Amino acid sequence: MAIDLKKHKSRRIILTKQGKRTERHIPVLLQPVLAGLIPLVGAKVIDGTFGAGGYTRALLNAGAQVIALDRDPHAIREGQSLVDEFFPRLRLVQGNFSQLDCVVEEKVDAVILDIGVSSMQLDEAERGFSFQKDGPLDMRMAQTGFTAADVVNRLKSDELARIFKILGEERYARRIARMIEKRRCVQPFLRTGDLAHAIEVLVGRKSGERIHPATRVFQALRIYVNDEIGELARGLFAAERVLKPGGRLGVVSFHSLEDRMVKRFFSARSGESVRSRYLPEIEMAPATFFPLFKGGITANKEELERNPRSRSARLRIGVRTEAECLFADMKLFGLAKIASFEGGKK
């Protein structure tokens, strides 16, 4: 079935409660997502990362029934108008997508996961996700638990360095961690702009350099605060449990660490052996997925021009087989261990 994407694109301009015009979130790789999950008419789909509702709206416009989850209470509040608009085909649930198998009573036709921070969260300075706008050093998606400020002001430098190195793939992880530990003794880091500036002064920035030197540190802190790696791993296993045979799992990731996890999952679940320096070779098991589009799908030139945030996005899709679910072993991903925040509390 062909999809007329002009009908299903999210509207770009909306009115806020104050009557001001604002731009609606543009979901990345929307066309490949819709094409990869078809047929959608009457399909039961889980959108595990509702965010600003871009994918959910497009899925609903294509005729699907959607259960959408998000751990961010702000996203849930903002999404109520969409629930009213598409009642009864949309159910909105506050919760982590790692628990998506707890919100459905029967198998579903598709699951879509858009990993990482949403544009809505990035654009709100008070949420503290971005250094583009100064705000409190927060970064909590669910708005509960410890903040990024707690992490940088309490963890030892070697623990910080490990977080920056593993979760942010930051080459200057140790230097930055030592600087943070030394500086916070005089004045704690409480603002995004303060931390970003301190990193820029330490590392330096060449004229015309596109990527800010604090980018990878902010990425690492956000991933750590929200346990995004654990969430992704558990979410992949949960999707395996809820998809019916022939059902499709689509995952959009934005950096190499997440993409490697998704790739390893589909490789292992398709019957391929997986190698890692962290664990012995995993024996082949009955395939529960077969992946589509080897190497994944990235944004084309047109989308890159329209939505620069799609630059680093990659979509991977797997089709569920009839095989029984396999054991949910976190070792499959070959991840190095990082200390929990409990050791950093006063």
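Note: Cβ is positioned from N, Cα and C throughout, glycine not excepted.
Residues or ranges marked as S-adenosyl-L-methionine binding site by Swiss-Prot: Gly53, Gly54, Tyr55, Asp70, Phe97, Asp114, Gln121.
Here the features listed in Swiss-Prot are painted onto the structure.
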{"residue": "Gly53", "record": "S-adenosyl-L-methionine binding site", "Cβ within 10 Å": "28"}
{"residue": "Gly54", "record": "S-adenosyl-L-methionine binding site", "Cβ within 10 Å": "23"}
{"residue": "Tyr55", "record": "S-adenosyl-L-methionine binding site", "Cβ within 10 Å": "30"}
{"residue": "Asp70", "record": "S-adenosyl-L-methionine binding site", "Cβ within 10 Å": "27"}
{"residue": "Phe97", "record": "S-adenosyl-L-methionine binding site", "Cβ within 10 Å": "29"}
{"residue": "Asp114", "record": "S-adenosyl-L-methionine binding site", "Cβ within 10 Å": "24"}
*For Asp70 (S-adenosyl-L-methionine binding site), which DSSP three-state class applies?*
strand
*Conformational class of Asp114 (S-adenosyl-L-methionine binding site) under the three-state DSSP mapping*: strand
